[in-house]
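Engineer: The following feature annotations were taken from Swiss-Prot:
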type     : residues                                       : note
BINDING  : Thr209, Asn437, Glu441, Glu623, Thr624, Ser625 : GDP binding site
SITE     : Cys225                                         : site 'Important for hydrogen atom transfer'
BINDING  : Asp232, Ser233, Leu234, Arg262, Arg269         : dTTP binding site
ACT_SITE : Asn437                                         : active site, proton acceptor
ACT_SITE : Cys439                                         : active site, cysteine radical intermediate
ACT_SITE : Glu441                                         : active site, proton acceptor
SITE     : Cys462                                         : site 'Important for hydrogen atom transfer'
Amino acid sequence: MNQSLLVTKRDGRTERINLDKIHRVLDWAAEGLNNVSVSQVELRSHIQFYDGIKTSDIHETIIKAAADLISRDAPDYQYLAARLAIFHLRKKAFGQFEPPALYHHVVKMVELGKYDNHLLEDYTEEEFKQMDSFIVHDRDMTFSYAAVKQLEGKYLVQNRVTGEIYESAQFLYILVAACLFSNYPRETRLDYVKRFYDAVSTFKISLPTPIMSGVRTPTRQFSSCVLIECGDSLDSINATSSAIVKYVSQRAGIGINAGRIRALGSPIRGGEAFHTGCIPFYKHFQTAVKSCSQGGVRGGAATLFYPMWHLEVESLLVLKNNRGVEGNRVRHMDYGVQINKLMYTRLLKGGDITLFSPSDVPGLYDAFFADQDEFERLYVKYEHDDSIRKQRVKAVELFSLMMQERASTGRIYIQNVDHCNTHSPFDPVVAPVRQSNLCLEIALPTKPLNDVNDENGEIALCTLSAFNLGAIKTLDELEELAILAVRALDALLDYQDYPIPAAKRGAMGRRTLGIGVINFAYWLAKNGKRYSDGSANNLTHKTFEAIQYYLLKASNELAKEQGACPWFNETTYAKGILPIDTYKKDLDAIVNEPLHYDWEQLRESIKTHGLRNSTLSALMPSETSSQISNATNGIEPPRGYVSIKASKDGILRQVVPDYEHLKDAYELLWEMPNNDGYLQLVGIMQKFIDQSISANTNYDPSRFPSGKVPMQQLLKDLLTAYKFGVKTLYYQNTRDGAEDAQDDLAPSIQDDGCESGACKI
């Protein structure tokens, strides 16, 4: 290697290249790692050096050389590359490897307008010194390379135009903790700050993108998911569109319920005009969604919901596909089709489904969610009423069209609205659930807005986080983690701003949280269980019972301290009804694990003191934030032992946790023979989870004789999901040959899954 090359330092000076210094940094980064070669990294990077190269480019070249060596046989390169990247990041942020004192850092960032000045108003210099003593900067060295790149690309406070970085990861974690507990009493708050900091910086609790990138900055909107219901009037349609623009500009993913909009050809003002139907208004919503990127962190994204019996359903089901022309397609949103038992019954009995415009059938739309018996009574009545415009379609044809579009686009989702209301924390008579969100894990009440400042409307918000099952040894640890997650997210509701009154009203009234899990596949592998063979059923029951029990207990304790949420009376919890009372009893045939916790005592305590939060759990996708914790995505099986994730920061390789010891214990996605075992597990989780679950269905066409997935199989899985009480289905993934070119490398759903959506974490 040419020792006489000149390099350009960060301050502009030039000097001869110092290969010893590079070697020392690499030796430091490789310490304690297995099966990594410093000379390999040096060889790969040296050939890319040139005269006059900047020292920062040398650093980036070495990092890239190490990252390119990450493989199934040498997974530790992900830590070597990460340590080098952390070194580089700290140099960029602080001009040196050693981080500055926390207090001085915060003062400087507040002066620059990067941090919220409330930090200096709420805490004294002395308290910052104490917080500084809580920080363990060496925890930066536990990140994988994929995690560091995600931090750099999405989470660390930075100037997105110039690329300047202003902080390191441990400052992010301690300051999120400081912001969230700033209103707690002075004598207890630093204890909570320390406990929360320890939980998030050791990856036991995983936080969503809006919290990681936003808390501590002057922008205060951190709810990941926003659910907006639209009424059947121009005023409401415009109010919905304004609300969408406000929220996509602030990092949120959107669920839109457009099911009330009347069908094409309906009379307006008693026949004075002829209605243009749903599609022009869906286009209007699509334009609103795409008008802003989510705070520079990701592009806007939405899922729009409508009932299966809508008169225009056959035109709506095809809106996403590649056929058709611009005029009859609205491709840049995803869609959720709403179904109930009556629709499934018609399918099973070979009957018809009758389609109506919601505007022609008084009471039917509301009953679809609030009262299944009343819905059936009205539906049959209107079917026999010759004065009402309608269309009959064979149920099997309509379901087949829906499943064909789900198969070809992967992005037609399913919401079983009866399960969402019968096994719900809300009383459907007063607070029916009429939609879900972008990624199908949220089930909350909404009311249409007539204008953006409508006091009577209700926009639902959900604030997310997750427990990392891979980072805990026993389920008992969940008790402390539940206390921290519930208290932090509950405090966030008071800490954040609400751009629209209808959102503030709902958030303050219901105080809804959605706490889920990541790293479930690792949890199964560690416990020697598999998705597909039933061996995980009892463990899953035990795990999710513990999660929901400890979350309810934490919210009940918080209610004793700070009062129940104001609209607690609209929940089923207020009547002493718990998830263990309303689950789908078909599950009892596939799981025989008894209940392990004292639910009766909890029931009494909830009836007496209430809950601080109307909902506590939801199982969301976690494509991005699971990379920070080096965890598997949500509840999903991994696609490969090494996954390749494309993000705007380039290709990131990530190896499944503890690969060397557990490689034979993991069950990969395409090794599962069918969806049955997975759907059973989702049903068992749904027994306890009070909101919903982003559950996917997966198909490998090569497993079928014709090389195509038969419609019969798609419908069978849809009915299996319904039978086990599954509320929602998210993606449908179809295996194509491309991802098998290298058997250990699996591209994950690209990181714009959910268009890199916000209701993931």
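Any Cβ shown, glycine's included, is placed from N, Cα and C.
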Engineer: State which of the following binding-site residues has the fewest other Cβ atoms within 10 Å around its Cβ: Asp232, Glu441, Glu623.
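Structural biologist: Least crowded of the binding-site residues Asp232, Glu441, Glu623, by Cβ count within 10 Å, is Asp232.
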Engineer: Judged by the number of other CB atoms within 10 angstroms, which among Cys225, Leu234, Cys439, Cys462 is the least packed of the recorded positions?
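Structural biologist: The recorded positions Cys225, Leu234, Cys439, Cys462 were compared, and Leu234 has the fewest Cβ atoms within 10 Å.
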Engineer: Arg269 (dTTP binding site) has how many other Cβ neighbours within 10 Å of its own Cβ?
Structural biologist: 6
Engineer: Tell me the Cα distance separating the residue listed as 'active site, cysteine radical intermediate' from Leu234 (dTTP binding site), rounded to the nearest angstrom.
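Structural biologist: Between the alpha carbons of Leu234 (dTTP binding site) and the residue listed as 'active site, cysteine radical intermediate' there are 27 Å.
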Engineer: Using C-alpha atoms only, work out the spacing between Glu623 (GDP binding site) and Cys439 (active site, cysteine radical intermediate) and round it to an integer in Å.
Structural biologist: 12
Engineer: If I take the alpha carbons of Thr209 (GDP binding site) and Arg269 (dTTP binding site), what is the distance between them in whole Å?
Structural biologist: 45
Engineer: Hey, what's the Cβ neighbour count for Ser625 (GDP binding site) at 10 Å?
Structural biologist: 30
Engineer: Using the residues the record lists for GDP (Thr209, Asn437, Glu441, Glu623, Thr624, Ser625), what whole-number Å value is the largest Cα to Cα distance?
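Structural biologist: Result: 19 Å between the two most distant Cα atoms.
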Engineer: Taking the centroid of the Cβ atoms of Asp232, Ser233, Leu234, Arg262, Arg269 (dTTP site), which other same-chain residues have Cβ within 8 Å of it?
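Structural biologist: Leaving out the recorded residues gives Ile268, His275, Ser359.
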Engineer: Can you tell which of the recorded positions Asp232, Ser233, Arg262, Cys439 lies nearest to Ser625 (GDP binding site) in space, using Cα positions?
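Structural biologist: For Ser625 (GDP binding site), the spatially nearest of the recorded positions is Cys439.
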Engineer: Counting every protein chain present, what is the number of Cβ atoms, excluding its own, within 10 Å of the Cβ of Thr624 (GDP binding site)?
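Structural biologist: The answer is 27 other Cβ atoms.
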Engineer: Sort the recorded positions Asp232, Arg262, Cys439 by C-alpha distance from Cys225 (site 'Important for hydrogen atom transfer') and give me just the closest.
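Structural biologist: That would be Cys439, the closest of Asp232, Arg262, Cys439 to Cys225 (site 'Important for hydrogen atom transfer').
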Engineer: Within 10 Å of each Cβ, count the other Cβ atoms and name the one among the binding-site residues Thr209, Ser233, Arg262, Asn437 with the highest count.
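Structural biologist: The most densely surrounded of these binding-site residues is Asn437.
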